Amino acid sequence: MFNLILFGPPGSGKGTQSENIIAKYGLVHISTGDLLRAQISAGTPLGLEAKLIMEKGELVPDNVVIGMINDVMSYNKDAKGFLFDGFPRTVAQAEALDELLAYSNEKVNLFVSLKVEENELLKRLLNRGLTSGRADDRNEDVVKDRIKEYNKKTTAVAEYYKKKGAVEEVVGVGSIEEIFGNISKAIDSHQ
Ligand code: B4P
């Protein structure tokens, strides 16, 4: 198995690059943002709870997100590997992922961190808000709160994986193809 985490602040290109990565490497894509939005669309109790939190730009509780990840991994036991997009976002989530993988003698093989500065993130997300229909992209204060939440709770995840090794930083500014080329080089050198 090859298990990859694509990491970065909101708007750094995780969702965008994930599409290219799964097409090239055949990994099972797990985006916690997409899973949560699917729950919201289906109007489940979990979705109703998540909607209120996501509209404020905050993180959904760890136990909810870890439960969703566990479900998708269990349904995909024969996967060649997983691409985790937008997960883990806290150290508790990172520890839980390590435990889930360890059950099947697997581990995180590579952690790719996309580097994009805050002004560019703000510009991209507000721009996406014009067409995406996503409430959390439309309001500048909410977008800023998401970036603050990332700085407060999520940057520690990068430190957690740096201690374990297999971390690659990729500049997330430039053309989508150029960035994907650099991510591919990082993956190829760790397979
Ligand atoms: P996510 O769905 O993960 O959303 P995101 O971080 O905003 O998006 P992403 O980073 O994938 O967007 P992309 O850059 O591709 O999370 C949404 C919310 O869900 C969170 O705020 C939180 O509330 C909740 N949540 C999700 N996971 C959670 C977890 N594990 N724990 C707790 N809560 C969780 O795209 C951004 C824009 O940039 C696009 O318009 C794209 O076209 C553009 N773009 C991409 N690459 C570009 C480039 N190179 N140049 C120019 N523009 C580019």
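Every residue gets a Cβ built from N, Cα and C, even glycine.
Marked as ATP binding site by TrEMBL: Gly11, Ser12, Gly13, Lys14, Gly15, Thr16, Arg128, Gly174. The DSSP secondary structure for Gly174 (ATP binding site) is coil. Gly174 (ATP binding site) is surrounded by 12 other CB atoms, counting those within 10 A of its CB over all protein chains shown.
Summarising the annotation, TrEMBL assigns region 'NMP' to 31-60. Taken through DSSP, the region 'NMP' (31-60) splits into 22 helix, 1 strand, 7 coil.
Taking the Cβ of Glu58 (AMP binding site) as centre and 10 Å as the limit, one finds 16 other Cβ atoms among all the protein chains shown. The annotation AMP binding site is assigned in TrEMBL to Thr32, Arg37, Glu58, Leu59, Val60, Gly86, Phe87, Pro88, Arg89, Gln93, Arg134, Arg146.
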Residue with minimal Cβ packing [other Cβ atoms within 10 Å] among the binding-site residues Gly13, Gly15: Gly15
Max pairwise CA distance, angstrom, over record-listed AMP binders Thr32, Arg37, Glu58, Leu59, Val60, Gly86, Phe87, Pro88, Arg89, Gln93, Arg134, Arg146: 24
Winner by Cβ contact number (other Cβ atoms within 10 Å) across the binding-site residues Arg89, Arg134: Arg89
Sparsest Cβ surroundings (other CB atoms within 10 Å) among the binding-site residues Ser12, Thr16, Thr32: Thr16
